[in-house]
Amino acid sequence: MKKKFIKMLCSIAIGCMISTSYSIKVSAFSNGNTKTNPNGEFKSLSLNSTNPYKTKYSFNDLNKLSNKEILDLTSKIKWSDISDLFQYNKDSYTFYSNKERVQALIDGLYEKGCNYTSTDDKGIDTLVEILRSGFYLGYYNDSLKYLNDKSFKDKCIPAMIAIENNKNFKLGENGQDTVVHALGKLIGNTSCNDEVVNKTIPILEQYYNEIDKYSKDRLKSNAVYNFMKEINYDISQYEYAHNIRDYKNTPWSGKIDSFIDTISKFASISNVTKDNGWIINNSIYYTAKLSKYHSNPSIPHSVIDNCIEIFPDYSEQYFTAIEAIKEDFNSRDSKGNVIDINKLIEEGKKHYLPKTYTFDNGKIIIKAGDKVEESKIQKLYWASKEVKSQFHRIIGNDKPLEVGNADDILTIVIYNNPEEYKLNKTLYGYSVDNGGIYIEGIGTFFTYERTPQESIYSLEELFRHEFTHYLQGRYLIPGLFNKGDFYKGNNGRITWFEEGSAEFFAGSTRTSVLPRKSMVGGLSKNPKERFNADKLLHSKYSDGWDFYKYGYAFSDYMYNNNKKLFSDLVSTMKNNDVKGYEALIEESSKDSKINKDYEYHMENLVNNYDNYTIPLVSDDYMKQYDNKSLHEIKSDIEKAMDVKNSQITKESSQYFDTYNLKATYTLSSNKGEISNWNYMNNKINEALNKLDNLSWGGYKTVTAYFSNPRLNSNNEVVYDIVFHGLLSHNKNSNEKVEVKEEPEIKDKDSFENVIYEKENNDSFDKANKIHKNQIVMATLDTEDYRDTFYFDALTSGSIDITIENIHGNSDAFNWLVYNDEDLNNYIAYPTKKEDNKLMGSFKVHKPGRYYILVYKTSLNKVNYKLNISDATNMAPVIKKIHEKENNDSFETANKITLDTLVLGNLDYKDVSDIYSFDIENTKDLNIKLTNLNNLGIAWNLYKESDLNNYIAYGAKSDNAIVGKCNLSPGKYYLYVYKYSGDKGNYSVIIN
């Protein structure tokens with residue numbers, strides 16, 4: 001089973017919520033207010049903030065006040081005047097554990113809700129934030145779990161209705177807008193009923209009628225947005241908590257039609273502007289999400305259909321509607337017609353990312369918008385080499401922790417601008433409420449070009465940060481993000497280090513890591529406001545964004561003043577020593593000397609701010625140099641570094657060729673870990689300096705590192721050393737770069753068009769899986785003389801196979817095809833030879849698994865491309881998934897959807913699989929179970945109301961078990977079982 005985990009390592013949050021519609025959408029549903037620290041979202045909007053007594057309060061102060069005094073105080077202070085709001089400590093526990101006090105605050109909100117005016121919010125904004133802080137802490141802390149109980153949250157509903165019944169409940173003066181905004185936030189942290197929901201309609205109508213004016217008003221816009229987001233959030237949480245499958249049976253079903261219809265009105269605004277685009281997007285999103293609670297879901301569904309017609313192709317609104325059709329309506333329009341969503345998405349990728357660049361023999365691929373300058377693409381490549389060189393020096397390892405992961409090939413997706421980046425959520429399915437994001441499970445990070453007005457961080461800075469996350473996942477932290485041991489039980493255990501060190505390594509140069517002016521400028525000038533070591537070392541994403549800057553400062557402190565701590569931390573990570581790491585963190589967070597030195601280092605950084613710059617790659621990388629032979633370069637580097645017997649290899653990129661020189665360096669004496677490191681660091685830098693002083697300018701592109709320290713048989717310390725630099729420019733450097741057109745995708749499976757083989761695949765049981773119309777890049781050499789691949793044929797037909805020797809002729813290798821049922825006798829071989837290609841075809845007489853064996857027939861190394869294609873008409877486009885074990889009981893059944901092809905397998909231990917699916921409307925369904933191997937298999941269908949008696953079964957038809965049945969609304973279980981045969985694969989589809 002293939003698992004994908006998202007490394008959501010975002011460099012920079014996109015600021016204003018209403019400036020980015022997709023960021024609104026993602027945070028609205030994925031990041032409910034109970035899961036994120038909400039007090040960083042806006043500055044206080046309370047009007048009456050005069051306070052003659054104090055400028056700041058803490059829960060310690062509030063605990064000394066009576067309930068009446070607290071309620072009076074909320075009218076005099078801003079919520080930001082409470083220093084530890086949303087923070088769990090003994091004082092906040094004391095405050096919120098007093099149920100009578102919390103109830104008094106809720107009662108106070110009711111009274112204030114009855115009495116606020118158009119110009120005086122009566123402190124409602126501050127009081128709401130105090131209440132939200134309690135519900136937030138109740139979500140995360142069992143000691144306050146009563147605050148997370150829905151029955152207690154419902155106690156806020158009378159106060160909400162009181163606010164809505166006040167004659168001043170409308171958009172207008174600042175006091176009114178503040179109250180409306182606060183109500184929306186409170187709904188998200190508590191609950192709502194249909195009355196609360198429907199009483200928000202006048203606000204939505206008012207905003208709709210004045211949209212040209214109000215869309216320019218941030219407070220009014222956020223107030224309206226909160227109603228959409230938080231009401232949907234509360235309903236979806238109820239749905240999740242009660243395992244709702246019949247959406248007609250909820251407290252809101254059929255009771256909030258007018259609310260949904262009012263939201264949907266915004267989706268029909270065809271005149272999109274920079275001010276109203278966000279609410280149109282959100283209207284599309286929430287209309288689709290809430291449609292299932294409408295008494296006639298086809299009404300909001302048809303609104304989404306209309307969006308596809310009225311908005312321009314490739315526009316943000318168009319793709320928002322496309323995604324809604326896919327996610328909320330099973331890729332069908334309101335009349336039941338299937339829409340080929342995958343085709344539209346692929347067209348969108350080609351539109352927004354028409355350029356493809358390759359580097360390092362295809363190990364780095366950049367997909368970019370047509371407005372991203374090609375010179376910047378090249379500079380990003382060289383920036384990666386600077387970051388990589390310093391990372392490996394400090395981490396001390398350049399061997400991948402796991403072989404065969406997706407990050408064997410790094411893919412970088414760069415959109416033209418922030419506006420186009422919003423489409424990434426639809427085109428690739430990943431969050432866009434950030435400046436960039438690395439997805440470790442697919443070895444890809446996404447970002448966008450930006451102007452100084454759009455971000456204080458340049459594209460190269462962001463790239464350096466995200467590239468560090470790639471290096472962390474590949475060389476430092478075992479396991480995939482959020483899945484490895486360091487994330488178990490506490491997924492924020494190393495967050496401060498991942499983000500802080502990523503900001504640190506973004507300052508890498510050829511010889512060191514320099515302070516970044518953009519980071520130092522974010523450190524508070526007031527020492528009391530800075531993170532101390534204890535606070536930083538326990539920081540998580542839920543704590544906001546500030547820990548990025550202080551994590552950077554701590555990494556810079558370790559690099560310059562405490563290399564031993566830096567080394568100890570990375571050693572625990574490389575060794576997967578979670579307990580050792582936790583012990584080191586606890587010790588360091590309480591070490592007064594570490595904290596003092598860290599704070600002193602921060603003070604020096606702040607004081608020297610004007611002396612810093614932002615490290616970026618030099619223009620030396622972009623200059624043209626005379627060609628120099630590998631032999632000459634090898635000789636010069638060996639002389640500069642005082643080594644012999646190095647190995648130098650060439651790698652090709654789109655614009656230039658580069659080289660890697662590898663050797664070992666043995667220390668004359670062992671002076672301890674840190675002294676050895678300092679010696680090697682100086683030695684490498686001295687070699688780079690010597691090369692710089694030679695006449696050939698290409699040496700100014702050289703980066704180098706040392707890693708993997710170890711003792712040899714003579715008890716001497718040995719390091720691996722690696723030098724990388726420019727070898728020569730190719731013709732693309734002097735002409736417009738040719739854009740690589742994406743191959744036409746005929747098979748809409750969600751697979752990459754170009755993949756690389758994963759060793760070891762030299763036997764049938766280790767074969768790599770491939771797909772039709774996929775290009776496989778692979779290599780055969782003296783140690784790897786054969787490769788095997790397999791594919792599953794779901795129907796009969798003719799298969800074409802082409803294998804091309806990239807750098808030689810077709811006499812150097814051969815291929816054969818085998819059927820899974822007989823691995824001793826091949827069934828096909830090449831029948832046509834054309835220059836460097838071997839081609840052939842064979843007839844698939846019945847569905848099943850087929851293997852391709854590629855083997856060498858000469859002593860030469862062979863780099864080849866393999867492609868298989870279907871010579872018959874392509875099968876209908878369908879989505880494919882794989883079963884997930886254990887699914888052998890009704891309780892553990894895999895949930896599937898209609899029109900999805902499920903691939904499963906059975907063997908002597910696993911003799912049955914069970915799947916569940918939901919039917920919303922009475923319909924006729926076809927069930928087809930296809931035997932991909934020589935198994936005796938069958939299926940039965942059960943309804944949830946009677947799991948003892950099946951209601952349908954299949955009949956044999958060729959190599960499939962098929963059946964047709966008429967099903968009424970409800971939940972059903974498909975029971976697939978084996979009655980003969982050893983082991984094999986099958987596919988099943990319900991449509």
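Each Cβ is built from the backbone N, Cα and C atoms, and glycine gets one as well.
Worth saying up front: this structure is predicted, and the values here are computed from it rather than measured.
According to Swiss-Prot, the protein has these features:
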SIGNAL    1-28  signal peptide
REGION    57-330  region 'Activator domain'
REGION    340-611  region 'Catalytic subdomain'
BINDING   Glu440, Gly473, Ile477, Gly479  Ca(2+) 1 binding site
BINDING   His465, His469, Glu499  Zn(2+) binding site
ACT_SITE  Glu466  active site
REGION    619-731  region 'Helper subdomain'
REGION    755-870  region 'Collagen-binding domain 1'
BINDING   Glu757, Glu759, Asp784, Asp787  Ca(2+) 2 binding site
BINDING   Glu759, Asn761, Asp784, Asp787  Ca(2+) 3 binding site
BINDING   Glu883, Glu885, Asp910, Asp913  Ca(2+) 4 binding site
BINDING   Glu885, Asn887, Asp888, Asp910, Asp913  Ca(2+) 5 binding site
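Location within the structure of each feature annotated in Swiss-Prot.
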{"residue": "Glu440", "record": "Ca(2+) 1 binding site", "DSSP (3 states)": "helix"}
{"residue": "His469", "record": "Zn(2+) binding site", "DSSP (3 states)": "helix"}
{"residue": "Ile477", "record": "Ca(2+) 1 binding site", "DSSP (3 states)": "coil"}
{"residue": "Glu757", "record": "Ca(2+) 2 binding site", "DSSP (3 states)": "coil"}
{"residue": "Asp787", "record": "Ca(2+) 2 binding site", "DSSP (3 states)": "strand"}
{"residue": "Glu885", "record": "Ca(2+) 4 binding site", "DSSP (3 states)": "coil"}
* To do: Show which residues of the chain containing Asp888 (Ca(2+) 5 binding site), separated from it by at least 6 in sequence, have their CB under 8 Å from its CB.
  => Asp910, Ser912, Asp913, Ile914
* Structure fact -> Comparing 57-330, 340-611, 755-870 for Cβ pairs under 8 Å with the region 'Helper subdomain' (619-731), the winner is 340-611
* Give, as a single whole number between 0 and 100, the mean pLDDT over the region 'Catalytic subdomain' (340-611). => 94
* Rounded Cα separation (Å) that holds between His469 (Zn(2+) binding site) and Glu440 (Ca(2+) 1 binding site) -> 8
* **Number of Cβ atoms other than its own within 10 Å, given for Gly479 (Ca(2+) 1 binding site)** => 17
* Structure fact -> Rounded to a whole number of Å, the separation of the Cα atoms of Asp787 (Ca(2+) 2 binding site) and Glu883 (Ca(2+) 4 binding site) comes to 27
* Structure fact -> Of Gly473, Ile477, Glu499, Asn761, Glu883, the binding-site residues lying within 10 angstroms (C-alpha) of Asp784 (Ca(2+) 2 binding site) are Asn761
* Looking at the recorded positions His465, Glu466, Ile477, Asn887, which has the shortest Cα distance to Asn761 (Ca(2+) 3 binding site)? -> Ile477
* Which residues, in sequence order, are found in the same chain with Cβ within 8 Å of the centroid defined by the Cβ atoms of Glu883, Glu885, Asp910, Asp913 at the Ca(2+) 4 site, excluding those residues themselves? -> Lys884, Asn886, Asn887, Asp888, Asn894, Gly904, Asn905, Leu906, Ser912
* **Other C-beta atoms that fall within 10 angstroms of the C-beta of Glu883 (Ca(2+) 4 binding site)** => 20
* Under 8 Å Cβ-Cβ from Glu759 (Ca(2+) 2 binding site), six or more apart in the same chain: what's there? -> Val403, Gly404, Asp784
* Structure fact -> Across Glu885, Asp913, listed as binding-site residues, the smallest other-CB tally within 10 A is for Glu885
* Structure fact -> Out of Glu440, Glu466, Glu499, Glu757, Asp784, the listed recorded positions, fewest other Cβ atoms within 10 Å surround the Cβ of Asp784
* To do: Determine which residues of this chain, when Glu885, Asn887, Asp888, Asp910, Asp913 are set aside, have a Cβ within 8 Å of the centroid of the Ca(2+) 5 site's Cβ atoms, and list them as they appear in the sequence.
  => Glu883, Asn886, Thr892, Gly904, Ser912, Ile914
